[in-house]
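Chemist: Take this structure, written in structure tokens, and hold onto it; I'll ask about it next.
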Amino acid sequence: MAPTGLLVAGASFLAFRGLHWGLRRLPTPESAARDRWQWWNLCVSLAHSLLSGTGALLGLSLYPQMAADPIHGHPRWALVLVAVSVGYFLADGADLLWNQTLGKTWDLLCHHLVVVSCLSTAVLSGHYVGFSMVSLLLELNSACLHLRKLLLLSRQAPSLAFSVTSWASLATLALFRLVPLGWMSLWLFRQHHQVPLALVTLGGIGLVTVGIMSIILGIRILVNDVLQSRPHPPSPGHEKTRGTRTRRDNGPVTSNSSTLSLKD
């Protein structure tokens, strides 16, 4: 499956880059006119999260053997979904490198590097696909996070839609991010004798990295959206740090990444 998986990942890379190109040809909300690149990037990320997160949830529901045997038990199409996600993270990483400064995106790039390394193991070996499918459940929470950022970008906070999205982000963070991360950590600990040491190390680093980022992000959303009377615009001390860099096609671009921010 390795050659097919690589072809799928390559096609996915081109498809998500093409989607970004197509979104640039569509009207951008007037309120997000100053942050058009960020709007396009978030829309592409939302599309991937909905596709991969929903696919992982349906797949694990229809084929529970993927959770029972995360190493060997999986249908053929599950590996295709994992390869699609590899292509997306490579495309998003290229987009970040092209449009934002390294100082503003190093955390996201490190996150993407770890994720691509882990998912690529399943694509190249044909094993650990069930484990990868469980990890894609995190994208259900990512979909809420991307929608929340889009609402912030379009100046829809505070609003009922933003409040619902904030609560949904916290709920899915617990259910579809922290729970799967805990399950994967426990499985890796119990089955470490069946997994090569290099993969145990890689998986452990990935789980710790994403886990820390997830907890910090959850605390920030809880404080900014729930405990405070109203959400504040992004600032250096909050979830996002804004800076500008000249985009290669036209006009300035506003970056939206800060230390330990999360976008998967």
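Residue positions begin at 1 at the first shown residue.
The backbone N, Cα and C atoms fix where each Cβ goes, glycine too.
The feature transmembrane segment is assigned by Swiss-Prot to 3-23, 42-62, 77-97, 114-134, 169-189, 199-219. According to Swiss-Prot, the domain 'TLC' annotation covers 34-227. According to Swiss-Prot, the feature region 'Disordered' maps to 230-264. Annotation comment: Swiss-Prot describes 237-250 as compositional bias 'Basic and acidic residues'. Annotation comment: Swiss-Prot describes 252-264 as compositional bias 'Polar residues'.
Could you give the neighbours, burial and distances for every feature on this list?
Modeler: For the transmembrane segment (42-62), the residues of the chain that approach it from at least six positions outside its boundaries are 16, 19-20, 23, 75, 77-78, 81, 84-85, 88, 91-92, 95, 133-134, 136-143, 146-147, 149-150, 153, 176, 263-264, judged by C-beta separation under 8 angstroms.
Beyond the transmembrane segment (114-134), the same-chain residues lying 6 or more positions past its ends with a Cβ under 8 Å from any Cβ of the stretch are 1-2, 5-6, 8-9, 56, 59-60, 65-74, 78-79, 81-83, 85-86, 89-90, 93, 180, 183-184, 187, 199, 202-203, 205-206, 209-210, 264.
Cβ atoms under 8 Å from those of the transmembrane segment (169-189) belong to residues 53, 70, 131, 134-135, 137-138, 140-141, 143-145, 148, 195, 200, 203-204, 207, 210-211, 214-215, 217-218, 221-222, 226 of the same chain, restricted to positions at least 6 beyond its ends.
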